[in-house]
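Take a look at the structure set out below.
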């Protein structure tokens, strides 16, 4: 019997994925460590205070730039997700009991780190009556109460599209409300079986209607075509998405979806230009871009674009 690292039995899909060896990365999938004073100070602070960020724990290649800008990302809700996406390295299983003190601790970490901009993401909590809506909203409120000058970006699951859950989250007032579509309609069910493409677009529309700046992400290299990417970008813009990031899929382990292709840097430039032509207020595209990369800068760009459009 094959088992995953966390001890559970492998799904048939994971067994099939594992038959494809881990792919060798092309030469452009690399980053240079530019270690500046802000990064060094934050690194020492995080180690000294025993703080936890997605940036370090996920080995993000952009940590040097983001920490130099005093930006960081936090994961809430535990380390077990009730859903399984075929690209995601977070384990699927039964989550621990809800930790109602977590919002305070995250807010304390933001203050201790002196962050200018904080991104908060988390696992899906379908085991909870509200799907975890309180936790997401409470974390934003706690950060803002303790750090009034810090921008907050909230990356959420879909909460099954339930209006009351979404409204609770929206009312917490993050600077940016993000929900990642991640892939194109044709392969969506294969990649994100617990989500639906249209429901994800609906979350973004609801956030826009609530007056929030909205954001989403597309991962390339999962089997989509270039035409499908352009169509998905159009769908996102039509849904009211203000900011989009476009990234290269990097396979976390052999049990995850194989990399179908390595998208060349010049293709990312073309997709970025196409997205800008559609009217997105903020666009970042590249092999090592991640959805929270330069999040604060993208928010400022989108806010300025909105202000100009309203004149």
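Our numbering is plain: 1 for the first residue shown, then up by one each step along the chain.
From the backbone N, Cα and C atoms, a Cβ is placed for every residue, glycine too.
Checking the candidates 291, 292, 305 against Swiss-Prot: the one annotated together with 55, 60, 66 at the [4Fe-4S] cluster 1 site is 292. In three-state terms derived from DSSP, residue 60 ([4Fe-4S] cluster 1 binding site) belongs to neither a helical nor a strand segment and is classed as coil. Looking at residue 55 ([4Fe-4S] cluster 1 binding site) and residue 88 ([4Fe-4S] cluster 2 binding site), their Cα atoms lie 15 Å from each other.
Under the three-state DSSP scheme, residue 81 ([4Fe-4S] cluster 2 binding site) falls in the strand class.
Take the CB of residue 60 ([4Fe-4S] cluster 1 binding site) and look out to 10 A: across all protein chains shown you find 21 other CB atoms.
Remark: of the binding-site residues 55, 66, 81, 85, 88, the most isolated position is 88 (fewest other Cβ atoms within 10 Å of its Cβ).
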